[in-house]
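Everything on this sheet refers to the single structure shown next.
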């Protein structure tokens with residue numbers, strides 16, 4: 001079952017920029033950068049993608065490698081615990097290869113410093129030996145492209161961030177774009193889906209393709225059990241309501257956060273640490289997963305004194321301000 005799921009996940013990923021839906025400005029610019037690099041016969045400039053989880057950072061890196069006709073090596077910041085881990089990867093890269101580092105903001109400082117000469121000069125500085133007898137050896141690397149992905153660009157050090165030639169932000173997707181993504185995924189998965197069914201799932205997907213595809217799978221389960229010929233708006237609405245996903249895509253935790261903020265703290269302001277304790281949730285989870293969409297919807301405000309619920313949040317929760 002796990003292997004089947006992984007195959008489905010891989011098959012629904014766009015392979016080219018033409019297949020990729022949304023992020024129009026980013027795609028247009030990336031197309032230019034790719035074409036220019038191919039024309040010069042050089043590796044692409046190092047690229048940093050940042051934005052909320054599930055918006056397509058990994059997919060874009062895979063598309064870059066495919067369009068350039070090079071291999072892609074994947075790793076993540078937390079995995080690179082020692083400088084030797086990164087050095088081993090860098091020395092094995094072929095000419096023009098793409099190294100993708102997810103959660104690059106979580107790389108240890110010692111590992112990060114190994115990247116500086118590698119990114120600028122395609123050289124690796126290694127220290128051989130210890131104490132007075134230690135010496136530095138320079139190793140030439142093949143030209144490569146580093147693609148970093150992060151949900152928290154503010155946690156990247158300036159020296160690392162400034163070494164990226166291309167820095168692009170991924171935005172939340174519109175409901176119309178998500179409906180197109182849902183229709184594309186449904187076609188690949190062999191799910192019969194009506195136009196209004198796609199729209200219903202798209203508008204409840206929190207502006208995020210990963211969530212849209214996940215909701216489609218769960219709605220498909222309901223359609224299968226109910227022996228429905230197609231996923232309609234009515235079926236999708238009923239299934240998502242049973243999953244505690246409301247008409248704007250807010251789930252149980254979103255509503256709990258707003259409810260606690262309004263009922264326990266009179267709408268705020270309240271510090272995020274206090275709010276996290278009251279919601280029995282991690283601070284980072286609130287900041288990375290829940291807050292961005294609530295702010296995007298206009299339900300939550302960040303102020304110097306803490307988080308505040310907006311009048312729109314009171315109305316959505318059917319509570320009096």
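Cβ atoms are placed via backbone N, Cα and C, with glycine included.
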According to Swiss-Prot, 12, 13, 54, 57, 58, 59, 120, 121, 122, 173, 210 bind ATP; which of 135, 161, 163, 220 is also listed for that site?
163
For residue 120 (ATP binding site) and residue 302 (DNA binding site), determine the Cα separation and express it in whole Å.
38
Surrounding CB atoms that lie within 10 Å of the CB of residue 307 (DNA binding site), all protein chains:
23
What are the DSSP helix/strand/coil residue counts across the region 'Head domain (RuvB-H)' (247-321)?
40 helix, 9 strand, 26 coil
Suppose we draw a 10 Å sphere around the Cβ of residue 173 (ATP binding site). How many other Cβ atoms does it contain, all chains included?
25
Pairwise CA distance, residue 58 (ATP binding site) versus residue 307 (DNA binding site), rounded so that it is a whole Å:
31
Per-residue pLDDT averaged over the region 'Head domain (RuvB-H)' (247-321) comes to what?
89
